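Annotated features, as they stand in Swiss-Prot:
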| type | residues | note |
| --- | --- | --- |
| BINDING | 24, 41, 112, 113, 114, 129, 197, 198, 199, 214 | iminosuccinate binding site |
| BINDING | 86, 171, 259 | [4Fe-4S] cluster binding site |
């Protein structure tokens, strides 16, 4: 009853504020239910760029709301939980990227969207896990600097003839997934397919039937030949997969694959965000102008 009351208030305020709620696939189920659109980073970036709304309420982590603010400076972007950060995004700063570039002068920088606006501003083009290979292939250079995720960089390296020089960042959540997690589950579910996120270690991706972004996992799970699926990503993903495929079995590869930051946004916080129009996420115009080029170039590639 309490949840229904809050959800009703959120729906009313959303209309009043001319707001749209975007939520990442890793968000709590109650947040996914309240959202107008649930998706992966690429899908959410596209929505933020084209959505017809005065206010975007972004239920995810800080860099996602920042990306929306970069793409839609005329809109008000709200983060219901401003403390929801991303450990991987914090593994490289703008200054560190400038030093990295100085060591390899002239090489283009591909920046994973899981990064700060300052880092995007120092990059040539952004990518997501859904389009990283395509983005790298779009560049003329035979050698590319890739930040901040070394494991996504390794995945791209396995699918391109170009040389990838990666920054040594990683997602702690996906790094917790081990090969033995998959091997043990395959003993219990021998007919199950295995999908993992490309932020996973190479020894994990080597065991998968598909190495996919969360949006691509949604498509894969809907296939008629998939009855049982071992899912190697943050466990919030299973809520959507089970909801959209109620007659299929979804098994998390590891109960340890939890992103605490993704779980910080709750219905009461979402309601408070709309009531008080907080917390507004903005990017200094000098940084935004430089960063928007990298994000828009990515969207043109895909």
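Just so you know, glycine gets a Cβ as well, placed from its N, Cα and C.
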Max CA to CA distance in Å over the iminosuccinate-binding set 24, 41, 112, 113, 114, 129, 197, 198, 199, 214? 17
Residues near the [4Fe-4S] cluster site, 86, 171, 259 excluded, by Cβ within 8 Å of the Cβ center? 61, 87, 88, 89, 114, 172, 173, 174, 234, 261, 262
Between the Cα atoms of residue 199 (iminosuccinate binding site) and residue 171 ([4Fe-4S] cluster binding site), what distance do you get, rounded to the nearest Å? 7
Taking all protein chains shown into account, the Cβ-based neighbour count within 10 Å for residue 199 (iminosuccinate binding site) is 29
Just to confirm: which same-chain residues, 6+ apart in sequence, have a Cβ under 8 Å from the Cβ of residue 112 (iminosuccinate binding site)? 126, 127, 128, 129, 132, 146, 147, 148, 149, 152
I need the most crowded of these binding-site residues: 86, 171, 259. Count other C-beta atoms within 10 angstroms of each C-beta and give me the top one. 171
Cβ atoms within 10 Å, counted per site: which of 24, 197 has the most, among these binding-site residues? 197
Rounded to the nearest Å - Cα separation of residue 24 (iminosuccinate binding site) and residue 86 ([4Fe-4S] cluster binding site): 13
